[in-house]
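Student: Okay, handing you the structure first.
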Amino acid sequence: MYTFSNRLKIGAIVLMALGILGMGVGFVSVPSTPEEARAMVTAHDDDGHGGTHAEESEHPAAAGEHPDAAEHPAEEAGHAAESEHGASHDEHLMHQLQNRPWSALYVAAFFFFMISLGVLAFYAIQRASQAGWSPLLFRVMEGITSYLVPGGIVIFVIFILSVMHFNHLFLWMDPEVVAEDKLIQGKAGYLNPTFFLIRAAVFLGGWILYREVSRRLSLAQDEAEDNKNFVKNFRWSAGFLVFYLVTESMMSWDWIMSIDPHWFSTLFGWYVFASMMVSGITVIAMVTIYLKSKGYLPDVNDSHIHDLAKFMFGFSIFWTYLWFSQFMLIWYANIPEEVTYFVTRIEDYKLPFFGMVAMNFVFPLLVLMNSDYKRVNWFVIMAGIVILAGHYIDVFNMVMPGTVGDQWFIGIPELGAVCFFAGIFILWVFRSLTKVPLQPKRNPFIEESRHFHY
Amino acid sequence: MASKVIHAYFNDDDILMQAVKKVKATKHHIEEVYCPFPVHGLDKAMGLAPTRIAITSFMYGCLGLIVAIVMMNYIMIVDWPQDIGGKPSFSYIENMPAFVPIMFEMTVFFAAHLMVITFYLRSRLWPFKKAENPDVRTTDDHFVMEIEVHGDEKGLMTLLQESGAVEINKVEK
């Protein structure tokens with residue numbers, strides 16, 4: 001049995017406290033009037049951050065031609081009609097600044113939720129493929145997926161608040177915007193608040209249901225006399241994978257792609273999938289290495305770590321493949337309605353946009369290519385930290401440009417939100433790891449897994 | 001110079017592995033083991049050095065990447081920077097996404113083919129090469145361990161017999 005070390009528990013609670021503080025600062029320092037927003041941005045630019053921002057705010061008319069126009073057509077259309085360009089621009093600015101703490105919260109909430117969902121998918125694949133190496137890690141994976149419940153609730157609450165107009169994360173939820181926007185009107189059959197919430201409930205419900213059923217069967221298998229529970233779990237996992245592939249794809253349209261409601265991409269679901277898969281596997285590897293270093297997983301050997309590191313390596317490349325396929329097809333064809341997505345990102349998010357490619361591709365490629373390095377625990381941890389940071393920035397890049405535009409910064413609200421959710425994540429995951437023995441007793445493959453070596 | 005070797009025949013890979021370990025323990029030098037299929041762990045038991053072919057492959061891949069970049073930079077940017085469908089051919093980096101598929105394929109092509117050729121060179125394989133196996137049965141169901149003879153020939157013979165050899169031949173080489 002694993003006992004939650006006090007140091008880790010206190011660390012997690014401190015993280016949460018710091019996070020609440022940071023998020024609080026973020027929410028308090030939001031401007032409430034357009035003038036205030038204007039003053040904030042001017043002061044901000046005087047700090048020397050982003051000279052281009054200042055230039056744009058000086059020339060609101062030029063901002064009308066800015067590709068951002070496609071993102072917020074209603075507001076931009078308002079621009080053209082109004083003679084007072086400046087006032088409308090300041091209002092736009094105010095919305096962006098008001099969105100910032102919410103987006104920070106949402107990015108972090110989604111990032112940690114996505115990790116546990118990725119682990120759940122990986123776990124289901126291991127069960128459905130009857131992998132012989134991984135049963136030793138099933139309890140670790142089940143521990144990480146326990147975060148689905150609190151993480152899912154937080155996400156759902158954020159959606160309810162969005163639907164109730166506490167924030168402007170989703171442009172299409174604002175009836176005033178929709179009234180002036182033909183394109184969103186055309187999508188209203190799918191993108192309407194009620195249906196959105198129902199879908200989110202179905203997705204979350206389905207994922208959590210599988211997690212709970214599979215966990216129960218997995219524990220029952222330990223006490224059983226035969227393999228009935230194992231077979232049942234196999235069937236549930238295979239069924240879940242079908243459900244997951246459909247719902248994951250729709251989830252990515254709903255929760256992320258709809259932040260830019262004028263834009264669409266067909267492989268977006270896969271792209272988000274690759275991101276969650278690689279972060280999930282990375283977290284499995286990191287938690288496993290941590291528990292092993294504390295002596296709780298005596299049968300886990302270097303070969304298990306090697307396998308996880310291979311998955312980290314492979315899925316990092318898979319993620320890059322999808323990232324590039326999405327980027328290159330749109331860049332190459334350069335169709336205005338699609339390319340705005342990347343134009344805003346390259347103009348306003350140059351460093352995070354290309355930085356994440358270095359963190360998520362070049363770094364793991366070079367570090368995890370060598371077979372010997374994949375067996376060195378601190379190497380895997382180091383690569384894991386970079387990969388996780390890279391995928392946080394990936395989610396950041398998916399969400400932020402549509403909500404805060406060029407007013408982004410990774411500052412107190414963002415770091416606060418990450419700290420807060422990291423705290424809950426650690427607390428919840430390690431608490432659930434203490435509940436059952438870390439090694440399944442009579443999984444049909446446990447012997448093979450124990451002697452696994454590569 | 002004529003030297004004597006012993007060919008010990010085995011018909012099971014487990015027995016072969018045990019025999020290899022025993023012979024290694026008595027400090028006899030195993031020249032070669034002929035197998036009809038790869039036996040896992042045999043290289044470790046024989047104490048062979050790990051292969052470095054993956055490292056060569058990595059270097060060939062880097063070479064391929066450089067070739068692709070230099071080639072396309074010269075052709076598309078330096079030599080004749082045409083406007084083809086509005087693609088920005090002002091600098092390599094501006095038009096890079098369009099070059100990535102070729103960069104990738106060239107990397108893989110070089111890495112794969114040069115590695116295979118390296119493998120052929122290092123293991124001396126070519127189309128009209130004379131087969132080196134001492135006995136045709138080694139390609140079907142027998143394993144042959146070839147051991148250099150020096151000094152204690154009798155002891156080696158008994159050791160091999162005890163460790164399950166089905167046939168032992170002394171061969172002038």
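Note that Cβ sites are derived from N, Cα and C of the backbone, with glycine treated the same way.
What TrEMBL shows for this protein is this:
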- A:12-30: transmembrane segment (TRANSMEM)
- A:43-89: region 'Disordered' (REGION)
- A:104-125: transmembrane segment (TRANSMEM)
- A:146-170: transmembrane segment (TRANSMEM)
- A:190-210: transmembrane segment (TRANSMEM)
- A:236-256: transmembrane segment (TRANSMEM)
- A:268-291: transmembrane segment (TRANSMEM)
- A:311-331: transmembrane segment (TRANSMEM)
- A:351-369: transmembrane segment (TRANSMEM)
- A:376-393: transmembrane segment (TRANSMEM)
- A:408-430: transmembrane segment (TRANSMEM)
Student: The transmembrane segment (A:351-369): which same-chain residues, six or more beyond its ends, come within Cβ distance under 8 Å?
Tutor: 278, 309-310, 312-313, 316-317, 319-320, 323, 345, 379-380, 382-383, 386-387, 389-391, 393-394, 396-397, 410
Student: Take the C-beta pairs under 8 A between the transmembrane segment (A:408-430) and each of A:12-30, A:104-125, A:146-170, A:311-331, A:376-393. Which stretch has the highest count?
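Tutor: Comparing A:12-30, A:104-125, A:146-170, A:311-331, A:376-393: A:12-30 has the most Cβ pairs near the transmembrane segment (A:408-430).
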Student: Report, as numbers and ranges, which residues of the same chain sit near the transmembrane segment (A:190-210): CB under 8 Å and 6 or more residues beyond its ends.
Tutor: 117, 120, 124, 148-149, 152, 155-156, 159-160, 163, 172-173, 184, 236-237, 240, 243-244, 247, 250-251, 254-255, 258, 261
Student: Ranking A:12-30, A:104-125, A:146-170, A:236-256, A:376-393 by Cβ pairs under 8 Å to the transmembrane segment (A:268-291), which is first?
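Tutor: Per the Cβ under 8 Å count, A:104-125.
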Student: Short question: which residues 6 or more past the ends of the transmembrane segment (A:236-256) have a Cβ under 8 Å from it?
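Tutor: Sequence-distant neighbours of the transmembrane segment (A:236-256): 110, 117, 120-121, 123-125, 127-128, 155, 196, 199-200, 202-203, 206-207, 210, 213-214, 217, 268-273, 276, 395, 398-399.
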